[in-house]
Structure formats: structure tokens, C-alpha cells
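Visitor: This structure is in C-alpha cells; I'll ask about it shortly.
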Amino acid sequence: VVAVVLGVLGRARQDGLAEELFLRFAGEGATVQVFNAMMGVYARSGRFDDVRQLLDAMRGQGIEPDLVSFNTLINASAKSGCLAPGAAFDLLHEVRQAGLRPDVITYNTLISACSQGSILDDAVAVFKEMIDSECRPDLWTYNAMVSVHGRCGTAREAEQMFMELLDKGFKPDAVTYNSLLHAFAKEGDVDAVERVCEELVKAGFRKDGITYNTMIHMYGKMGRLDLALGLYDEMRAIGCTPDAVTYTVLIDSLGKVDRISDAGKVLEEMVDAGLKPTLVTFSALICAYAKGGRRDEAEQTFDRMVASGVKPDRLAYLVMLDIIARSGETKKLMVLYRTMMKDGYVPDDTLYQVMLAALAKGNEHEEIEGVMQDMEVVCQMDRQLVYSILIKAGCIFQGAKLLKKACLQGHEPDSKSLLSILDAYETMGKHEEGLSLLQCIRENVPSSRNLISECSIMLMCKNQKIAAALQQYSSMQTLKCGSFGHDRNLYECLITCLAEAEFLPEASQVFCDMQFIGIEPSQKIYESMISTYCKLGFPETAHQLMDEAVQPGVWLNTLSSRVTIIEAYGKTKLWQHAENFVKGLNQEAGVDRRIWNALIHAYAESGLYEQARAVFDIMIKKGPLPTVDSINGMMRALITDGRLDELFVVVQELQDMGFKISKSTVILMLEAFAKAGDVFEVMKIYNGMKEAGYLPNMHIYRSMISLLCRNKRFRDVELMVAEMEAAGFKPDLVILNTLLLMYTGNGDFDKTVEVYHSILEAGLEPDEDTYNTLIVMYSRNLRPEEGFTLLNEMGKRGLTPRLESYKSLLVASGKAKLWEQGEQLFEEIRSKGYRLNRSLYHVMMKMYRDTCNHSKAEQLLAAMKEDGIEPTIATMHILMTSYGTAGHPVEAEKVLNSLKSSSLEVSSLPYSTVFDAYLKNGDYSLGITKLLEMKRDGIKPDHQVWTCFIRAASLCERTDDAILLLNSLQDCGFGLPIRLLTERTPSLLTEVDSFLEELEALEDSAALNFVNALEDLLWAFERRATASYIFQLAVNRSIYRHSIFRVIEKDWGADFRKLSAGAALVALTLWLDQMQDASLQGSPESPKSIVLVTGEGEYNMVSLRKTIRAYLLEMGSPFLPCRARTGRFVAKFYSLKMWLKDSPFCMDLELKDAPALPKMNSMKLTEGYFMRAGLVSTFKDIHEQLGEVRPKKFSRLAMLSEESRAKFIKADIKGRKDKLERIKEKGLVIPRKSKRGPRRAKFVREQSTQEVLK
């Protein structure tokens, strides 16, 4: 009877009355049934410990527990929720130890307990034990097994249990179907859930509240609230009353998708339905409000929960404290915090950090002290944890104070906290406090040396002092100081900073040190090192590292790491590895779009379009759909493979498939054609891009201008710059440097200076490219002084000149005869450690050759060998030339003999150099002797030998000497020059034309040098008609430029550079003849001024400028030297027209051959002038006594007899003196000649480059 009454009281939840009744009858005479009944009362309330005590008390009274006792104990364990993994077998073992055989209820209760605790392994083991012990499972057993599989996320196993249940002949009930439904719902398998629902209805059951709650929760988690709300409406429509669980699930689902207002309405519906919201309901709504940042509503809901009698749990308190802390209302925060502490709940570490951060922000120091005391006294937190939380919360001073206390007690602080404090002190400028803290640690913590070093390294890393951090780390590693380097935080900080600063080899070394010590890498270290190895070009190592990270369960940004590895495989052309890597991923799970795109780009790096297209097609068929990045990868594959023509075909295919071609794709195509130099296609793409509405950006303008500059499309470049400025873009330094390079390469130095001015006016700072281009420009313009100024400015600014700039300046110094500066410049190049090439040594040797300083040339040859550069035939040729220029042909011959004895293959060039040296010295017979020696040595004379002898013949004073030299050529099988001089056969010109055709195929300007020498010879020995015919042949064969002189509409001019003296005189005569005809006929129209360009160069001791100057002076022409630029002559058209009309020198400009060869050379070379022999003494006489005179005056003086000329010069000198005396007597100021240089150099000469750059 007592047992029955206790059972009734237990079911009525009258635990107190049941305890009184039990105590009254629990003495002697109590039966096992009474104890079992009381244990059942406790079990209903989940009071496992009380049930266990009763079981022990029963044994204490000598009453042996029966199977019901143990089943009740198991039930109590399940209801209490304290069943730990493995505990089910302990309870089963306890039953067997009591000598009892577990029955179906025992097993079912154990499996149900495992199901409630989601302990799958124990449930499966108990079920197996049940089968092995031949205890037949019933429907409850299977329901429990389906439930535990469903709760643990193994829906397929749950379905297998369901099928086994059917095979055993059991009929599933509503619990079975709901358990299976829950299993599929947890996995989000909508189709399976709907199928189970249909089976449930077909089996004759109605969807109950559990069914609807399960499905609503599933759709809520999936974000398909329309279906969840539809089920809620359906549930109410069929009369199934939603319970608290239904409303709670709906509120939670609505809150997670930010439909917070709807969640509030559902709560009101719940109250209106007469249901009291539970703690879970209120908590779900408070969390929703917190997530949406609706602090007021969250507080109102919390207050309503408290007012309705629902006691907040720890989660509710934590959420509310977090909301209030982030709002900054510290008073409310502390009130709620105290309430929570009274209710016996303690905040976690994260919440304490948030609270303390809010209090620190509000300067609530007293409250911070109170919270610190709670953490230490109430929560019994470790002091190290407390100061760590304080420091993270920004309570630096309190954290430092607590850390000092810990150090005074001998506790070593953790590196992160110490680093944070030191970092904060440094940021606030409180260096003394930081030093004081470190001193305290040193004095009280003997083992702190390594810690301080580690913190110093980490602090330097945080302050981006990477080099200093690495140096200190290396020194500590070298000293092998105790426990130094055993903190993972140190390696994480150092490796991360090194990787970010691109110190990749150093990062790898530090990582190896860490692995050697045996420290497990963190997530950050793994990610940094994967990226580092990929950048270093070791994707296999990065791949292996990622696999190592995944095995111990380190959480990585796997997608990002995989993409990085695939891209690295592509860059190292290991596309097969990338392919295999992606195949492995495809077997594991679906492949992300970024993985596919990375694989496409990996193929693109090797130009594998077909493979990239195959991946693109897979993405279209199976998903995810391709993006712009996918398309760009395919295009890059074609570009890398050089299949630019197919780009437009692919574009058309993509458009037919419905893809829109993006701006980035268009830019990719434009840059590809720009790199290939295809201006036509680039302009077509550029114009099409603008028509499609894609406006060009700065990058496109840079690419376009760079391409047009490379192709010297000057007008298009200027239009593009104008368009760019009209679009609101200002040319940057890169574009302006490109323009500088283009104009310099074209020799348009005025434009170069204009662009440089625009750089300065725009306030841009010239960089190395700017200076280097300007130095090359001034060097090519033969203005090395300005180049040296810029070179010095580069040194002041710490900029490094390129070797090309040095070389250009060195060449210009040689041409400008700045021998000393050139020598200093060469020494500077060597001292700065540049890797000199052979050409630089050749330039310097040519300089020494021009100065006739063969001893320095010898020294330079020795220095060249010391620097590891072996001389070539060209080197020895320059040395031999320097000997020849200095008048030492014997020394030149010695060099030739050493060459012949060396392993070098000797050509005709060294021989011709020796010939030239002897011939210049007037040793014609020795020259001829050496020619015969050359033939005996087996070297066949070629164009270089012919040119050398012809040039020497043109300078012979006596005609017999010239014929002797030319006859020696005829003896060697080349009789063309002597025949041109002595014969008048028309077929000779045909032979010359054929020979020039042969020379055109040769290098080193063979045809040009030969024609120049021949023109000198023919002009010197008065075969000038023949010279003009050969000149025309050279023009027709493009040996000479077609525009060497021109008389066209408003463009009369000539450029005789690269012509020899004789060729230039032929060209000048022909040009004057054409201008005479044009001026008499009045067509074509002339410009106001006519310019004749000769240049400043000297070749074979002949100055073209001096030669033309002497000829023009003799003729009395109106051409005068240009004041703005050297190497030019300018004449006003009117003066030129009158001179061509009236001058006796212009009466007959036709070039004719003399009837017979003169006995003496008509021309003579003196001081660089290749002038008429009869004019030499007259020229010297006039210049020595009168200096520079105007051409008209010179011409009149030259035609006078010596006696008349002497009287005229004497009278002229006397007249000048008298004029000066009269000026002095009148006290007038004598006008001085302007020393101002050419206007073009004004910006360099009038102010320093440094001032300009300011």
C-alpha cells in the first residue's frame, strides 16, 4: 500500500509528502517495493544522487536491490542529464554484478538515456550487447535507436534501423516516424522529410505538434521562412494547437534572418494563445534583438521576462550584459552584473573583457577595481588570467599593477600580456613606465631574460622594425639562451611580420627553427608559411604543410590556402600538380568557384587554352557558373600561347553564350596586343571599348601612350595625351618619362626639354628614369656639361644612374673633347662596382686613340684583362688605331703580329689598321709591302682594305702616289678604283653598281664607307661628274638617304651627316644647282630660312663642318654658322636667291670631269679642313690676320693677288684701330660681344638643376 501511495504522490509531483511518508515507513520492515517507489519519485525529478543514496541505504538495511531498482537508477541518470560517455556500460556492469540479468526495460532505458545525451557509440554498443545477450528488442528499443542516430546526425543509419524495425515485424508508431523525421530534418534533407511525412499520414497517423515543430525548425535553419510560416498556418488550420516549442522555434528562426519585428509579433500571439513564454522563448527573442542592434527592445523583453516570473539563466544575463556594455551605460551594466552575481551566475572571460573595456572607456576606475576583486575572490580566477583579461580590455594601468604584484611573488608573466602593456606604453609615450616594469621583472623573476628578449622582438615586429627584430632573434639563437624561443607567440609574431614584409627566406628559416625545437604551428603560422612557400616558388612544400595542418585538426582558411597553392603551381608551370590537386578536392566534395578559377589561371600560365576551356565548360554544365575571372583566365591562356588572333573568336563565342564581356577582359586584350606592338588592333579595341561605354582609366592611357611611343606615332601620342587631359586625368611621371624617352630616341631634343619643364610645372619629383633619359638626351645632343650637372644632382638625391647613361655621357665627352672629365667618369663607373662590358672599354680606348695617348690605351687594355674581360679583334683594332693615330705604325704592326700568334681568328680588319697607320704616315711602299704580306698569310683582301687604300689615295699630294696605291689594289684583283680614275668607259658605272649591291649585304656600313672613300678620291682628282653619278647610285641603293638634300614646297634643307668630305661637296653642289633652278622658276616655294646640317663629328681627321665652311667661304655664300646650334649653317632665302643669281661661282654649277688627271691633288687636308690646295695659304693668311670674316669679304680677299690682299688687310687693320681710338676719345662705351650661349640651354646654364627641381 505504501509503495502504491508513493507512486501516486510521485506522479503528482508531491515530492515533499512522499519523503514524509517514506521516512515514516522506512525503518524496519521496509520492503524493496517501498524503496523502489521512493526511488521512482526521485527519478521523475532527475534527482540521481538521491536515488543513488537510497540504493545504498537499501543495501545498508540488508535489502537486495532488484532489477526494478537498477532500472529506476538508470532512469534517474537519464532524467538528470548527467550520463557521461561510458557510464551506460558502468551501470550495465553494476546490474550484472548484483547477479541480475538486464531485461528489455533495462536496455531500453539505457539506450533512451544515451539518446537524450546524444551518446551514439554507447547506444550502439548497448544495442549490440542486447542482441548478443539474446534479449529481444521491442518497438521502444528501435524508436530509441532511431532517435539517437537522428540526434547524432547519422540519418542513413537511422533509416537502416527503421527498415530493420519493419523487417522484424514491428509496426512503426508516431514516435518512430517523428524520430526518423527529426534525423532527416537535422541534415536538411527536405525530400526525405516530405517522404517520411507522407508515409506517416499513409500509416494512419496525423501530423502532431512534434512533427510540425521539427519541420518548422528545419525550414527556419535553412532560411526558408515562407515554408516555416506556411506550416505554422497549416498547423493551426487543422486544429493542431501550437505549443511553446512551436512559438520558440518560430521566434528563433525569425530572429536569425533579421525579421525581428515578426519575431516580436509571434511572442504576442503566443501570449494571446494563453501560453506562457519559457526561458528559451525569451532568450531567443533577446538574442534576436541583440543581433539586430535593438538594445531598447532587448531590455524591455528582459524586464518582461523577469516580471512574468521567469528567472533569467546565465545565457540571458550574458546577452544582456554584452548589449549594455557595448552601449556604454556603465551604471545599468553594474546593476545587472550585481544581480547576476547574486543569482549565482558568473560571467565568462569574454564577457569580463567586454565589461572592463566599457568601464575603461567610461573611466570607471572604482568599478574596475570592484570587478577585479570579484574575478580574484568570487570567481577564484588565476591572477595571470585576470591581468591578461584586463590588458585585453584596455585597462593597461590596472593590468600592469596586477602583473607587477604577480612578478613580486615570483610569477613569470606571459609574453602576450607583457607585450601588450609595453606596446601600449610606447604608443602613449610612457617609456619610463615601460622601463620600470621591465626592471621589476628582471629583479624579481630571475628567469625573465628570455621573456624580455622575446617581448622586445615581438614589440619591434609590431612597430615594423623587422630588421632589428631579426637581428636580435639571430643573436639570441646564436647564444642559445636557455628557454629562449619556446613561446609559440614569438614565432607567430615574427613569421607573420616577416611574411608581410616580404622577408620570405628569413621567414622560412625561422619556421625551420621552430620545427626543430618541436613547437606546434598555430593557424596564423600555417597560413603565413603556406603563402610564403608559394611566393618562394615551392608550392609542393606549401601543399605538404597544408596537409600537415589539417591532420591535427588546425582550423585553416582552407579555401584561401588551396587557391594560393594552385596559383603557385601555375606560376611554376607545374599545372599537372594543380590538376591532380583539384581532382582530389572534387572527390572529397564540390569544388568552389575560386578553385576552378585558380586552376584556369594555372593553365593560363603555361598557355594551355584547351585545358582551361575544358574547366570552363565543366563550370557551365555542373556549376558553379563561370565569372569574369574565369573568362579572363581563358583569355590569358591564349595570350600566353601567342594565339592573339583567336581572342576575337572566343569573345564572339562567349557573347553567343550570353556572357557580357567586361571591362577587365577588354583591358586584358588591349594590353596583349599592346605588348605585341600591334597598333592597329590596339586602336580598334580602344575605340570599341569607348563605344561600349567603358571609359579609359589611367592604366589604359599609360599602356596606349607607351605603345604609341614605342612605335614613334608622335602625332597619335600627342592626341592621346590631349584626350587624357580632357577626360580629367593628368599625365603622371610614368607617362611623362615615356614621352621623354620617345623624343630623345627621335632626336627631338626641344620637345624633350618641353616635357621636362611640364614635369617640373606639375610639381612632380623626377626619378631615376627621368634623369637617365635627360643624361642620354644631352649626351646625344653633344652637351655633356649639362649631363654632368644632372649626374651630380642624381648623386645628391641618392639616385643611381644606369650604365647606359654613363656610356652615353662617356661617348659625348669623347666627341666634345672633354678628355679629363671622360677619364674621371670612367674611373667613377669602375669604383661604383658596375659590371663593365667590353663596349665601355672600347669607348675609353677610342678616347685615348683620339688624344693620341697610346700609353693609356695600353694600360686600359691591361685593366680590362684584370677585370676578366678578354680582348677581341675589335679591342686590338682600337689599340692599333690609337698607335696609328699617334704616328707609331711599327707598334700597331707588333699588335698585329701578337694577334697572328694568338688563338684568335685574324680577319682583314687588323691588317687594314696597320695599312692605314703606314699610309697616314706617308710610308706608301711599306703599306703596299704589308698588303702583299697579307696575301702571303692567306688573308684575302676585302672591302675594308679597298676602302683604306682608296682613302689614303685621296689624300696623296702627288697623283703618281695615288696611282701607285690604286695599282697595288689592281694587282690584288680589284682594279675598279684605278679604272674610275683613268678610264671613261660607260660600263664602269654598271660595275660600280654591281659591286655596291655586293657590299649592301655586308655589315659595318661597308657600302657607305666605300662610297665615301671613292667620292673623296674622285673629287680630289677632279673626276667630279663621275663622283656625281656614283653619288646618285648610292642614293638609289639607299646607301645615302633619299632626303639628304631636298627642295620641296616650303622645305629647302640638307643634312650631310655621315657623308665624307668629297661626298658632301658633291651633294652641296647638286643642292645649290637645284635651289638655283627653283629660285629662278619661283617654284617650289622656299621657307624664310634654309638650314644646312653638317654635325660636329670628325672622321679620319676630317671635319665635315670645317670642310663645308671653307667651301662656302670661298664661294662667298650667304650661309652663316647657326648661333643656336653648332654643326648647322643658316641662310636667309632672299640673300641666297640673290647670291645664286649674281655670284660668279654659281654661273655654272654643273659637275664635270677634268680632261686629264692633274699632276697634284686638287685638295689638301689641314687642321681638319679638306679644302682646295690653292686656298690653304690664303685661308691661313686671312684667318691669322683678320680672324673670322664674313663669306662675301673672304671671297673678295681670296680672289686678290698676294700683294693686293696684303695691302687690303693692312688697311683694314689700320681702319679698325683708328675707329677704336675715335671711340675712346669721345668717351663712348665699346660694345662687348655677348657671351651668352645658345638659348636652348638657358634653363640649365642660368640656374642649377637643383633649383629647377625645387
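The backbone N, Cα and C atoms fix where each Cβ goes, and this holds for glycine too.
Note that this is a predicted model, so its numbers are computed, not measured.
Below are the features I grabbed from TrEMBL:
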REPEAT    103-137  repeat 'PPR'
REPEAT    138-172  repeat 'PPR'
REPEAT    243-277  repeat 'PPR'
REPEAT    278-312  repeat 'PPR'
REPEAT    487-521  repeat 'PPR'
REPEAT    522-556  repeat 'PPR'
REPEAT    662-696  repeat 'PPR'
DOMAIN    680-775  domain 'PROP1-like PPR'
REPEAT    697-731  repeat 'PPR'
REPEAT    732-766  repeat 'PPR'
REPEAT    767-801  repeat 'PPR'
REPEAT    837-871  repeat 'PPR'
REPEAT    907-941  repeat 'PPR'
REGION    1231-1254  region 'Disordered'
COMPBIAS  1232-1242  compositional bias 'Basic residues'
Visitor: If you run through the repeat 'PPR' (278-312) with DSSP, how many residues end up as helix, strand and coil?
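Guide: Secondary-structure breakdown of the repeat 'PPR' (278-312): 26 helix, 0 strand, 9 coil.
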Visitor: Provide the three-state DSSP residue tally for the repeat 'PPR' (697-731): helix first, then strand, then coil.
Guide: 26 helix, 0 strand, 9 coil
Visitor: Quick check on the repeat 'PPR' (138-172): DSSP residue counts for helix, strand, coil, in that order please.
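Guide: Split into helix, strand and coil, the repeat 'PPR' (138-172) gives 26 helix, 0 strand, 9 coil.
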Visitor: Would you list the DSSP helix, strand and coil counts for the residues of the repeat 'PPR' (487-521)?
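Guide: Across the repeat 'PPR' (487-521), DSSP assigns the residues as follows: 27 helix, 0 strand, 8 coil.
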Visitor: For the repeat 'PPR' (487-521), give me same-chain residues lying six or more residues beyond its boundaries with a C-beta closer than 8 angstroms to one of its C-beta atoms, as numbers and ranges.
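Guide: Cβ under 8 Å, 6 or more out: 415-416, 419, 451, 454, 457-458, 461-462, 464, 466, 469-470, 473, 477, 528-529, 531-533, 535-536, 549, 552, 554.
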Visitor: Tally the residues of the repeat 'PPR' (662-696) by DSSP class, grouping H, G and I as helix, E and B as strand, and everything else as coil.
Guide: 27 helix, 0 strand, 8 coil
